[in-house]
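Taken from TrEMBL as is:
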{"type": "DOMAIN", "residues": "807-897", "note": "domain 'Smr'"}
{"type": "REPEAT", "residues": "637-671", "note": "repeat 'PPR'"}
{"type": "REPEAT", "residues": "672-706", "note": "repeat 'PPR'"}
Amino acid sequence: MVDWATLPKDLLNLISKSLDSSFDLLHFRSVCSSWRSSADPKPPLPTHHLPILPDNGTSLFPDSAVGFRLSQRSILLVRPHKPPINESDLFGWLVKVEEDLNAPRKVTTLLDPMSETRRSLPEHFPRSLDVSSFKIRELGREFKLHYFNTVGDIVNSLYLEKAVVRYLDSCSKFVLLTIHVSGKLAVFTSWDRAWTVINDMPSPYDDVIVFDGRFFGVDNNGRTVVVDFDDLKLELVASPVYGGDKKFLIESCGEMLMVDMYLSMEEVDGDPGFGEEVFEHHAVFMNERTVKFKVFKFLEREKSWVEVKDLGGKMLFLGDDCNFTASASDLLPSCGGSCVFFNGNVFNEDNVDAMQDRDLGVFDFRSGKIELVHKLPEYAKLFWPPPPWITSHEIIREKHHQNVKCVIWSLRPWRFNRYGGVVVTRTSTLVYPLTLLFITQMTISTCSIALQRFLFTPPPQSLSQGRREAPMKVRCKAGAVPLMKQSHKFLSSLSSPALAGDPSATNRHIKKFVAASPKSVSLNVLSHLLSPHTSLPHLSSFALSLYSEITQASWFDWNPKLIADLVALLNKLERLQESETLLSTTLTNLKSNERDLALFLCSLAESNSKQGSAQGFNQACLRLREILQTSSSVYLKTQAYKSMVSGLCNMDQPNDAETVIEEMRLEKLKPSVFEYKSVLYGYGRLGLFDDMNRIVHRMETEGHRVDTVCSNMVLSSYGAHDALPQMGSWLQRLKDFNVPLSLRTYNTVLNSCPNITSLLKDLNSCPLSVSELLTFLNEDEVVLVRVLTQSSVLHEAMEWSSLEGNLDLHGMHLSSAYLIMMQWMDEIKVRFSGDKCVVPAEIVVVSGSGKHSSVRGESPVKALVKKMMVRTGSPMRIDRKNVGCFIAKGKTVKEWLCQ
């Protein structure tokens, strides 16, 4: 057997120098004393100070900032050395670590591997970890530019764009590449200590990477360049790849991949909380939604990108500042890989905690589906909280292996209130061999930015008078934010007679609620009160006091979208002094950052338009126009115009919105499909069908495909004005052009059929088959129902296998669930009658329990299904384990249908 300890020292030294990762080198030096003495420890990166990046006079940086300080972060895959006893614990853990630049010693902070989010460690998490007890592999690195002030302290702000670094002959000589706020590439060379913005930009750059020792950049169209940092020139190495909306570069197994993210202005499927008129308030949910991905492999000789159809066992991760890849066999053996994790808009009605419209999603290449990670336990456990085999690890103070002290990794938990108050943390250290150090101290520091706590005027006495003595039923109005169970209880209690006319008692009640509630519940209540479609407008006056209490919570993160919604609500309530105070403080806090300021004003314009505050909307637009005149950012200009167009359409001024679109053209900005859809629906909602169809024709002329979302807007417009013949003609057109229908199409069309609505008022006598239903409808309604039943919507709501036959009615309004149920019974009867039919072990109909109904816990769809089951003599009964489901044995259902 080979004695690895006797390998020549020069060979060991050569091997150690090829280890780029500090963690690999630490494990290398921990093997034995001879290996340790043959390899020098990796020196810590020196502190690099960089001058401020030129900003073309737009004042993007904090007033106190005088330069950048460069920091490095590592994304780590942590696995146990010994297989866990429980096979369900056989998975890796992803975490990002960063050294605190303001700490006097090496303090390590844990961050979310995909974003900037700092994580608080569980109370039972060990204060120090023996790194030798785990397999740790560095999957990727990212570099961040922190602003620092004249004293040398880090300002609580980061340069938002991604940066990549290439070190040359030493750690002190390096080149940095980033994306300038203008969308161009910017290079910093340490020996010149100067920035250079490269003036070559057919379209803004999306991503940069160091691959094969060279800098690569890709723009929004997929045009790929190599950056020569010697003469600061760009070389085109791959032609554009058109199609997607955002490009990402990532290295995987020695190859460079490009991930193309597709965004679409789609409505949210499966969310019954949006109410009867699906597009009545389209700006509430019209947003950029991630819908699919494509992956391409770089072929340098051909100067092209070639599409990759299957990733095999690879899992790709698209972070905010670092893209990395891992093997499914290393990370999650039970998963087959071939998926992409990403931060984006996934639109999930349960995720009220995601107040920045950003969710962690996963795209499966094999199925083509996108899911929220937190809904998939197998994937969710890769991120947070830490796995059991770490949190159950014993606290280790010191340990010896072959006379070598092991590496102890101590962590700093974060409890960070950004806007005032005191931070209490345990600081600790990442310790290298021979410098074993333990710190268990309490550090108390005061945050640098204070948030003014706004005083609020108690609601007028009239709002507290005349309330019902009985407990109030909280109804979710169409378009309102769905309420959680705890939120429902709190708002009911807020309406109780005991608090009527007593502002002090109400304030104490609110304070107690925030202190006792988790973040998601508190924000759920606030979001519901801020919504222009709240079911409780008489309680909206309490939104400011609730927000004031929330700002004092330890978990609070300042959110400009919330501020915009709150200012707009105060404008609507004519509490103008409080609105102006809140707005003025916010503008002061954001004035040093053009990007954040512009995006806040965009939110402010849209929020005021939804609340119907013309004055607030006009003031926000005036401020946006000031930014348009001075900014060089294409992105910010596009967002500003988008918000103005959307806002004008919300306020029934589509003609003025068209004028803004023409203004975009003069600025050489191409209007997107979002602007056209906004104007289209603006005209349609007013019944101006000629103008609506004119916009549809213009979209098609300019190459924008009329998709399902656009079609639903047209159908909703016709339905709102009882134009059923036009609705039928439009549906036929969609069929001819192979535009797929959606669940929203069903809801929109069937809600517009008066005879169906009338029939459903009496569930004891409504028809129980499609053929019988048609005899009760007029000619126009018959046409509509026949087109719907020929679509694929039923099959998309069904799953059929030997284990289970499932029909999911989530997201269906009453009329849609009624028609789908009748179609479903006809369909499964045909399947059961086949010679080679597959009989599922169980048949399940998911109706929901009323979680998102207008009255929580009372589901009209569930009542409909129950009545239909009873009237047809079905053997299906409510599942005792899940009251939102009807269930029966597959064989029993077959006997019932085929008797």
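The backbone N, Cα and C atoms fix where each Cβ goes, glycine too.
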Averaging the per-residue pLDDT over the repeat 'PPR' (637-671), what integer do you get?
92
Which residues of the chain, 6 or more past the ends of the repeat 'PPR' (637-671), have a CB below 8 A from one of its CBs?
281, 283, 286, 598-599, 601-603, 605-606, 608-610, 612, 614, 617, 620-621, 624-625, 627-628, 631, 678-679, 681-683, 685-686, 688, 691
Helix, strand and coil counts within the repeat 'PPR' (672-706) (DSSP)
26 helix, 0 strand, 9 coil
Just give the helix, strand and coil counts over the repeat 'PPR' (637-671), going by DSSP.
27 helix, 0 strand, 8 coil
Do you know the DSSP helix, strand and coil residue counts for the domain 'Smr' (807-897)?
41 helix, 16 strand, 34 coil
